[in-house]
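Before anything else, here's the structure in question.
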Amino acid sequence: MNNQIGDTDTDTDTNVSTDTSTDSQLGATTGVETSTTTTAGESEEQIRDEWTDYRFDSPAKLSVEDLNVWYGDDHALKDVSMEIPEESVTALIGPSGCGKSTYLRCLNRMNDRIKAARIDGSVELDGMEIYDPNTNLVELRKRIGMVFQSPNPFPKSIRDNISYGPRKHGEINKGLLARLFGRDDSEKEAELVERSLRQAALWDEVNDRLDDNALGLSGGQQQRLCIARCLAVDPEVILMDEPASALDPIATSKIEDLVTDLAEDYTVVIVTHNMQQAARISDQTAVFLTGGELVEYDDTDKIFENPESQRVEDYITGKFG
Amino acid sequence: MLSSVTAEVQDAILGEDPSEGALRTVGLSVLSLVASLLCIFLAPGFALPVLAAFVVVTAFGWRTHQAEIARLLTLVATILTVLTVTLITVYLFFSAFPAFTAHGIDLLTIPILESGPQWFFWLDFVLPTGETIWNPRAGVYSLIPLIWATVIVTTIAGLIAAPLGVLGALFIAEVASDRLREAIKPGVEILAGIPSIVYGFIGFKVLNGFIQKSFLDDGASFLIAGLVVGIMALPTVVSVSEDALSSVPDAMRDGSAAMGATSWQSMKSISVPAASSGISAAIILGLGRAIGETMAVAAILGAVVQPTVPLFDMFDASSTLTSAIAHNYGSATESTLDVLFVAGVMLFVIVAGMSVISQYVERRINRKLQGQQ
């Protein structure tokens, strides 16, 4: 994004010098026009298709094709194409403002809620186009759950937080009518609450106070509650937008363990600022760099040990971002 | 106690270590102000010159010790406000006192009709009953019809203002687009700026005329008064609840949407419960406004003081506590005036009570929402 130019405090002199050196290396290789939206300290280079061409054996859960997002005149995401494999952890990393959160929010159409956003391209979940005009958003968001950057439990009891989704989808009935006709689902609810909280590794901490307000929990517990809430609707994909960035190290490590466990049954896509975190928990990593471009996408080990792109290497080794 | 307060005030105005000059300037200014206040009560003729002296002293002090004088002036402004409210309260209660002693519980006499005492929620077992209820010439005053008229008008107003106001706030805060919101919000606020006598006049002239012509010969005074007062209370309810709804964090709505809830489900199960403290406060504030409303009610209901028969007859008419004061204060005898002051005390207590309750409700629900029960 343009407002990132000169935003960081790295001195701009290095920018110029690296520019010339990389230009001489890569400048003549392709006819693609050079990207000019770099942050301070970031060199320029052309992105090559094979850097983002990541192949895997299992079928793709999500496949994204030529996704473009504009916020007003701001081109936030440029021609992103990537396929996300099933039952794995995919990390999205990159400096702030690089469009990784925007990309994540496109996967369950949360960007629809931003009026200024314009989205172009295709996202398929199990081969089904989610940007089809006939897509049922309720059904889509049931299948693709989301956990946000700062914990956002509802101001309700812990139990009600978990059963919120199923109740809204009519899977659990606890209203007056349901009780009158003997179709009260309290038992089913109790089971669901316990299962979800256990999956989120929160059950042992809160099982004696399920009726307490969720806002009384600590930040880490709130975030795990949000994960449990998301699991309660039994999604196939879980999107996580820097889920641990507002938490202390202990809470963070709990979330990380949880993410690794979840990848056995769910497809997890996680945005993170923390490169060690991405290296620890993810199976494959996608690197977004300034300007909303997907620069490199490959096995996590490959990205962190031997990246193709000079800019990705610079970013990972902490030269900018 | 008093000395510690004085010391604290002195500290606040003069600072830790006041200079001789500052002490003298502020002291002189305070002295002249107190003297002018005393003069108003004791020797009104001297009040103006002494006040002028205060102004001169303060003006000079402003040049030499501006910080100290500025702090003093803020203190004086605060004290004057509090003092005014206190004096009004004391005066109200003092003026009502003779009527309390002269009539006592008879002020709440329940009227007797042909069929016996008027049914009043079993209160007729406790309260006195009487043939006449409001007859200044005979020295008989019962405030029961006034209180009841106030209750009816406020109830109707509440039934109109609460649902309309909350739904309107929901539309503005959650449904309307940004541009629509910018057009509607000032519109609602203009509603609050229309003088109350204009509402009353419209109610009397247009609504009452329409109803008399088309439906009921006698008119429907309580209903119309309640309707008009309800509309007058609307802006309060709308803008306070809209503020409450807008302050619900967007993260919660996003969370709800990401769970696959529809926008109506989010509104119903997240926004409204989270804003419930503000919404209840809005309704209570609106009701407070409805109770205190005078001119519109006086114009619609007229000066009659009578019990409604049956009790719930909302097509009847009778003065309320407020409109009775407005209609009678000009022509009343000394003893009637005292009774009107009792009505004033009742209003004061009710409205003050409601604002205390609204604050209590707001704080309680907020505490509950933040998880610290």
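Cβ atoms here come from the backbone N, Cα and C positions, even for glycine.
OK, TrEMBL features for this one:
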type	residues	note
DOMAIN	B:147-358	domain 'ABC transmembrane type-1'
TRANSMEM	B:33-60	transmembrane segment
TRANSMEM	B:72-97	transmembrane segment
TRANSMEM	B:146-170	transmembrane segment
TRANSMEM	B:190-207	transmembrane segment
TRANSMEM	B:219-238	transmembrane segment
TRANSMEM	B:339-361	transmembrane segment
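Surface or core, plus neighbours and distances: that's what I need for these features.
Within the chain carrying the transmembrane segment (B:72-97), a Cβ under 8 angstroms from the stretch's Cβ atoms is held by residues 9, 12-13, 26, 29-30, 33, 58, 337-338, 341-342, 344-345, 348, all 6 or more beyond its ends.
Residues 224-225, 227-228, 231-232, 234-236, 239, 293-300 of the same chain, all 6+ positions outside the transmembrane segment (B:190-207), place their C-beta atoms under 8 angstroms from a C-beta of that stretch.
Long-range neighbours of the transmembrane segment (B:219-238) within the same chain, counting only residues 6 or more positions beyond its ends whose Cβ lies under 8 Å from a Cβ of the stretch, are 149, 152-162, 164-166, 168-169, 172, 188-189, 191-192, 196, 199-200, 202-204, 207-208, 211-212, 282-283, 285-287, 289-290, 293, 296-297, 300-302, 308, 313-318, 320.
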